[in-house]
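A short worksheet on the structure shown next.
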Amino acid sequence: MSDNFEALLQESRIFEPPAEFKEKAKVADLSLYEWAERDFLGFWADAAKDIEWFLPFEKVLDDSDAPFYRWYTGGKLNVSYNCVDRHTKSFRRNKAALIFEGEPGDSKILTYQELYREVNKFANVLKKLGVQKGDRVTIYMPMIPEAVIAMLACTRIGAPHSVVFGGFSSQALKDRIDDAKAKLLITADGGYRRGSIVELKKNADAALEGETTIEKVVVVKRTGQEVPMTEGRDYWYHELMADAALYCEPEQCDAEDMLFILYSSGTTGKPKGIQHTTGGYLVGVHTTFKYIFDYREEDIYWCTADIGWITGHSYIVYGPLSNGATVVLYEGAPDWPQKDRFWEIIEKYRVNILYTAPTAIRTFMRWGEKWPKGRDLSSLRLLGTVGEPINPEAWIWYHEHIGGGRCPIVDTWWQTETGMIMITPLPGVIPTKPGSATKPFPGVEADVVNDKGEPVPPGQGGYLVLKKPWPAMLRTLYGDPERYKNTYWSKFPGWYFTGDGAKKDEDGYFWILGRVDDVINVSGHRIGTMEVESALVEHPLVAEAAVIGKSHEVKGQAIAAFVTLKEGVEGTPELVQELKQFVAQKIGALARPDDIFFTAELPKTRSGKIMRRLLRDIAEGRALGDTTTLTDPAVINKIKEQYKDEG
Ligand code: PRX
């Protein structure tokens with residue numbers, strides 16, 4: 001166990017909700033918890049009343065074909081209608097929906113009325129280009145308003161989107177396009193990141209080389225640099241929008257119609273297409289946003305995630321917009337042009353709620369408190385974190401230096417699969433402990449169990465499971481229902497297995513310990529060890545590779561790779577650089593290994609499985625655990641020797 005976790009387990013400070021916060025909080029007592037406990041289905045039926053349905057649902061939960069659960073069956077609705085149209089019918093039509101801040105300093109505000117118009121027009125554009133209900137659309141965009149418009153336009157016509165993070169490589173984009181069999185791609189000429197241009201169109205062109213299911217490409221002009229346009233395939237967004245019709249009738253989608261696919265890493269080399277549907281997802285993200293962020297009409301809310309991740313889907317786009325919130329959208333890096341860009345944005349717009357990742361907080365800690373100190377952060381009233389365990393030290397720093405000691409912190413545990421936040425404090429009622437995500441959200445049942453599925457005593461580690469279905473849960477893995485069943489529902493039949501380890505303390509608080517499978521969490525981003533291994537062995541000089549996550553002060557985990565080379569090839573420092581670059585090119589910069597070690601052999605069990613735990617122990621300089629199942633224990637010593645030389 002790393003130092004972080006040791007510190008976390010010794011943490012005993014408790015922070016009560018500040019009196020001033022509690023006084024005005026949406027939820028200030030435990031009645032919501034009690035109600036959900038008493039009447040689980042009634043609670044979720046009531047939550048659905050905040051959504052406008054074209055046709056009311058007949059049943060809240062249909063579990064007749066579990067684990068293929070269905071929510072709000074028979075109901076018909078449209079997500080873009082709920083996120084935009086209905087707000088144009090009240091005072092909100094003149095309210096800012098999106099406050100966009102571009103990295104170079106340009107900014108733009110779209111009111112709900114304006115967002116409504118853009119979404120309608122773009123929905124018509126999509127239709128004109130031949131996109132029909134059920135067709136998949138891939139979105140590969142920078143963090144600009146058009147990305148949100150594109151997502152909402154897809155939902156308007158019932159075309160599931162698959163957003164691919166703009167930092168992914170052309171190969172990763174291609175794999176995701178192929179798997180989803182997407183018909184249309186929406187991208188931009190480029191986006192700004194740390195003062196340079198990310199060449200999205202160039203990557204997109206490379207991804208479309210050879211055979212592809214993509215028929216048309218829509219390109220948003222963001223950076224304005226010269227990009228080649230393929231006649232008959234590529235179209236400029238602004239040209240299409242210039243003569244698009246103003247209104248598009250929203251599709252009446254079934255509650256269980258597919259809303260989107262989002263690819264995430266698992267334990268194999270192939271990312272999983274996590275599939276979410278319409279009704280349950282919207283109810284889930286709407287309700288959690290409202291209560292967890294204690295959302296008020298006048299708030300300005302900023303989530304610093306990218307729309308390429310689930311956090312961006314649920315808590316930049318769908319949760320906030322369905323609540324009619326004002327959302328800040330920032331395109332670029334936190335240190336551009338200076339290390340106080342986040343704080344400058346908060347000062348500029350008087351942001352009230354900030355939702356970010358522990359890795360960002362640790363980075364800010366390293367940069368020093370002078371950066372936030374130089375800006376007026378007095379507008380903040382609530383802080384949130386997501387994506388990885390937060391070490392108490394970072395929690396306290398966030399609380400003091402960003403929150404001025406007055407803002408509650410919601411540490412929110414959830415996953416791409418869960419769609420919505422699952423374990424979190426409600427800030428007006430649940431006292432927080434630094435490093436703990438505290439309690440399950442009302443209507444969510446979580447537990448920590450041992451291998452046999454028995455609850456473990458307080459303080460003991462075990463597997464984190466979810467014992468009841470929830471509305472925003474994934475419905476399946478796109479095109480692979482068997483893998484869905486095996487991955488999530490086979491270890492503990494009847495319960496959802498999260499892949500995370502956790503502990504509960506005497507107060508029933510959850511402390512998440514991290515992944516127990518072959519998934520690494522680098523700066524809050526999930527990367528499969530097998531994905532990186534597959535990329536490495538594609539290199540002509542590599543024979544075999546084993547990849548592990550090693551503790552890292554800022555990123556939480558960093559990628560380390562043990563590589564055996566083909567016969568006669570010498571491992572040089574140049575080759576280390578080449579392999580790191582090779583992986584970045586294959587998957588994206590986020591998968592670039594921090595360390596690569598050449599070794600003559602890899603430690604394997606008799607059944608041929610690579611013993612990653614041993615490699616982790618070596619990489620983190622710990623004493624070795626049990627090696628009795630190793631085919632050739634001598635291999636370990638050889639690796640250790642080599643690691644010492646190179647590390
Ligand atoms: O290990 C947990 C970690 O992130 C994983 C989910 O990753 P992803 O699907 O990419 O979604 C990230 C954003 C929701 C989880 O299995 N994780 C997420 N939030 C927390 C966390 N670990 C500890 N504390 C959290 N608050």
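Any Cβ shown, glycine's included, is placed from N, Cα and C.
Per TrEMBL, CoA binding site is recorded for Arg193, Arg194, Gly195, Ser196, Thr311, Ser523. Per TrEMBL, the feature ATP binding site maps to Gly387, Glu388, Pro389, Asp411, Thr412, Trp413, Trp414, Gln415, Thr416, Asp500, Arg515, Arg526. The annotation Mg(2+) binding site is assigned in TrEMBL to Val537, His539, Val542. Per TrEMBL, the feature domain 'Acetyl-coenzyme A synthetase N-terminal' maps to 31-83. Look at TrEMBL and you will find 90-470 tagged as domain 'AMP-dependent synthetase/ligase'. Sequence annotations record features per position, and here TrEMBL assigns domain 'AMP-binding enzyme C-terminal' to 531-609. Feature annotation from TrEMBL assigns N6-acetyllysine to Lys609.
Structure coloured by features recorded in TrEMBL.
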| residue | record | Cβ contacts under 8 Å, 6 or more apart |
| --- | --- | --- |
| Arg193 | CoA binding site | Glu103, Pro142, Gly332, Ala333 |
| Thr311 | CoA binding site | Cys303, Ala305, Tyr355, Val386, Gly387 |
| Thr412 | ATP binding site | Ile292, Gly384, Thr385, Val386, Ile421, Ile423, Thr424, Ala437 |
| Arg515 | ATP binding site | Gly499, Asp500, Gly501, Asn521 |
| Ser523 | CoA binding site | Ala357, Thr359, Gly387, Glu388, Val554, Lys555, Gly556, Leu590 |
| Val537 | Mg(2+) binding site | Ala543, Glu544, Ala545 |
| Val542 | Mg(2+) binding site | Leu536, Val563, Thr564, Leu565, Lys566, Leu579 |
| Lys609 | N6-acetyllysine | none |
Given the binding-site residues Gly195, Ser196, Trp414, return the subset with CB under 6 A from an atom of ligand 1, ordered by sequence, or none if empty.
Trp414
Which of these binding-site residues is closest to Thr416 (ATP binding site) if you go by CA atoms: Arg194, Gly195, Ser196, His539?
Arg194
Out of Pro389, Trp414, His539, the binding-site residues in the record, which is closest to Ser196 (CoA binding site) when you go by Cα distance?
His539
Within the same chain, and leaving aside Val537, His539, Val542, name every residue whose CB is within 8 angstroms of the centroid of the CB atoms belonging to the recorded Mg(2+) site, in sequence order.
Ala535, Leu536, Glu538, Pro540, Leu541, Ala543, Glu544, Ala545, Val563, Leu579, Phe582
Over the domain 'AMP-binding enzyme C-terminal' (531-609), what is the model's average pLDDT?
93
Looking at the binding-site residues Gly195, Pro389, which one has the fewest other Cβ atoms within 10 Å of its own Cβ?
Gly195
Which one is it: of the binding-site residues Arg194, His539, which Cβ has the fewest other Cβ atoms within 10 Å in this structure?
Arg194
How many neighbouring Cβ atoms, not counting its own, are there within 10 Å of the Cβ of Gly387 (ATP binding site)?
24
Which chain-mates of Trp414 (ATP binding site) that are at least 6 residues away have a CB under 8 A from its CB, listed by sequence?
Ile310, Val386, Met420, Ile421, Met422, Ile423
Select one residue from Ser196, Thr416: among these binding-site residues, choose the one with the most other Cβ atoms within 10 Å of its Cβ.
Thr416
Could you tell me the C-alpha distance between Gly195 (CoA binding site) and Pro389 (ATP binding site) in angstrom, no decimals?
30
Rounded inter-Cα distance in Å - Pro389 (ATP binding site), Arg194 (CoA binding site):
27
Quick check for the class: what is the C-alpha distance, in angstrom and rounded, between Arg194 (CoA binding site) and His539 (Mg(2+) binding site)?
30
Per DSSP, to which secondary structure element type does Thr311 (CoA binding site) belong, with helix, strand and coil as the options?
helix
